[in-house]
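**Student:** The following block contains the structure, expressed as structure tokens.
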Amino acid sequence: MFISCAILLLSLLPAPAESTNNQFNDRGGSAAESSSSDAVYIVYMGAANPVNFAAKETVLNSLLQSGGRRETDVLRSYSHGLSGFAARLSPAEAQSIAAQPGVVSVFPGSNLKLHTTRSRDFLQELQSESDAVPPPSSCRSKKQPDSSNIVIGIFDSGIWPESESFRLQGTNHSFPRGWNGTCMTGRNFNTTACNGYVTGTARGGSESARIAVYKVCQHGDCPDWLLLGAFDDAIADGVHVISLSLGSDNSGDFLRDPQALGAFHAVEHGITVVCAGGNSGPRPSTISNDAPWIITVDRAFESNILLGGGQVVKGEWIGVDGLISRSPIYPLIDGRSAKKGNVSFAAARSCEPNSLSKEKTEGKIVICDVKDSGLEPEYEDQLREVLLKGGLGVI
């Protein structure tokens, strides 16, 4: 994203009714009374095409007719960008369906989590550094292309259209080309209010893009079968970009990952999918949404390490700003050189607990290695060891 101006003009698009309803009351019906072993399973059957649709109908008919399931046990059918369905099944039923022709994968549903951010804090800091927000006229460039026909699909906990943030600023209620969605009404918000322009103080690179909001989360929980349905709807609605900041802490098999599957078929239809990298770490292999067809976004705190000989090493940091102002120079020591007693060089090199000498570490920045064996200590343990021995920082 390139920051082009400080006024972001968005248009609130009507999102499809199926996607924005409360997921606890809407599509597919609620589950019927079932045994305690039943759970929500996602049945994935590949791309949306006639062959896969026929295979899905065969599986569903078998489930409902000979399997004794009710239609209300089928929570969602996917048919726009991908083929499959989500249903309440027993483990035996799930295993049986997995063996049927046309079925790619069957896996239990789970709850994804919203990825919290500090974006608002950063924006407030940026705003405080600016003397004034430039007027709207100064933001627009005559060479800037019209982005009012770009639709960005937002997957999160929904939207409150009655908010003053979405107060109408104009009379343009035209639909962008190719938009197929419908408007979800709410209290004091009817279909005539849909597609109204929204003016606010924000930063972005597409100042007049439209947004279509898909509610997939409530009370912090985001059922993955509902998320997959939002992908399916967004593909049918004709969005151009999908943005979501949610996911799981574990990256696994893409054929059993609804977010990766939905994003794959969205990209297949020419939609750019942008996801947050998550809040896990700092440890290896903790990035969420790492499928190669997803643009994974994270923040970085850049920091340059200036060595005594004038060499600059680029890196990232997170710490206390006050450290920088105490002294222009800090002694640097390698963990091996700071080891204590009979501790092995390998243990001290990675700053394992109780491996460093307080006398050698105190007042210095310590370089701690990370082993390639997968047996390295947790970063928290390394930081704690340096802190306990009086160190000022860790590289």
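Note that Cβ sites are derived from N, Cα and C of the backbone, with glycine treated the same way.
All TrEMBL annotations are machine predictions without curation.
In case it's useful when we look at the structure, here is the feature table from TrEMBL:
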type   : residues : note
DOMAIN : 40-115   : domain 'Inhibitor I9'
DOMAIN : 148-294  : domain 'Peptidase S8/S53'
SIGNAL : 1-19     : signal peptide
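Burial and contacts for the listed features, if you can.
**Tutor:** With helix defined as DSSP H, G or I and strand as E or B, the domain 'Inhibitor I9' (40-115) counts 28 helix, 29 strand, 19 coil.
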**Student:** If I take every residue in the domain 'Inhibitor I9' (40-115) and average their pLDDT values, what number comes out?
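**Tutor:** A mean pLDDT of 92 is what the predicted model shows over the domain 'Inhibitor I9' (40-115).
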